[in-house]
Amino acid sequence: MAAFKPQWNDWCPGCGNFGILNAEQQAIVELGVDTKNVVVVSGIGCSGKIPHFFRTPISGVHTLHGRAIAFATGIKLSNPDLVVIVNGGDGDLLGIGAGHFVAAGRRNVDMVVILHDNGVYGLTKGQASPTLKRGEKPKSLPRPNINDAVNPIALAISSGYTFVARGYAYDVKHLKELIKSAIKHKGLALIDVLQPCPTYNDINTKEWYDKRIYKLDTLPDWDPVVKKPEEVNEKIKRAIDKSLEWGDRIPIGIFYQNELVPSYEERIKANSPAYLDYTPAKQLIEKEGKLTTIIDPLLKEREVD
């Protein structure tokens, strides 16, 4: 393994990515997770640089545009003992990567997906991303956006994610606690992080968010956790209803959590009882990369005349 060597951070001054990076690092340290077992996976975009900027010695994988979830799924299923955290922009995860985003929910792999949600493609000069509202015109666009926006919270819940939350990049302490909860959750977790882009999005600024954001856990009757199967539909309905609240008031916090759903690792073990004891990462391979397991006798038994 190459020596750990963090790179100099080149995000724009005031970028919400700084808060997300700090929250992730603090969450990992406070949970006491062995950093040798942490893998941060990213796609392409400003958020894609995040593995390079960690000051804690984690393993980082900077992957292809829209494919971070696919890479992360392979990493986690190969070695379920790892803590796998995906970082991707709204364009990366909900544009070119939308298929992987939805398919991941059906599997419920035990990993965390952190969505950097700023409404624009920051790396390529501020084009409208899938989360920019129709009719909005940040300074990077010559005309108002003509596409409707994706609702990340509602999409994640309807796709099958079992932990769904929203954070705010400039409230690092609150975001840190969300990330800690997501890591401890047994199943697929999404945190949609509202992240101002001071360079290209002059609508959803820090000042704009600060006047609107409130925390769900300040509501006296808010309880997003499913405790028995009969509660699922009502909890989902309430979470999606809250996700539609946008304008003068914007909620952050945990919208939905359900640990009654078996993780993908548990489902694999049900079909292959030795899976967790003898995962792909533990299987021996030759120097040339070939498996040492001989499966010819097994295939012979299954030949059809």
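Using N, Cα and C of the backbone, Cβ positions are placed for all residues, glycine too.
Remember, predicted model here, so these are calculated numbers, not experimental data.
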Review point. Say Swiss-Prot lists Asn118, Val120 as binding Mg(2+): which of Asp81, Asp90, Asp148 is in the same site, per that record?
Key: Asp90
Practice item. Pick the one from His65, His174, His185 that Swiss-Prot also lists for the thiamine diphosphate site with Ile44, Gly45, Cys46, Ser47, Gly91, Asp92, Gly122, Leu123. Key: His65
Practice item. Just name the most isolated of the binding-site residues Cys12, Cys15, Ile44, Cys46, Val120, going by other Cβ atoms within 10 Å of its Cβ. Key: Cys12
Practice item. Quick one: pull the CA-CA distance for Cys12 ([4Fe-4S] cluster binding site) versus Asp90 (Mg(2+) binding site), whole Å only. Key: 18
Exercise for review: Could you state the whole-number distance in Å separating the C-alpha atoms of Cys46 ([4Fe-4S] cluster binding site) and Asp92 (thiamine diphosphate binding site)?
Suggested key: 10
Review point. Fewest other CB within 10 angstroms, which one of the binding-site residues Asp90, Asp92?
Key: Asp90
Point to revise | Spatial neighbour of Asn118 (Mg(2+) binding site) that is closest, considering only the binding-site residues Ile44, His65, Cys197 and their CA atoms | key: Cys197
Exercise for review: Indicate whether Asp92 (thiamine diphosphate binding site) is helix, strand or coil by DSSP.
Suggested key: helix
**Study point:** Max CA-CA distance, Å, over listed thiamine diphosphate-binding residues Ile44, Gly45, Cys46, Ser47, His65, Gly91, Asp92, Gly122, Leu123
**Key:** 14
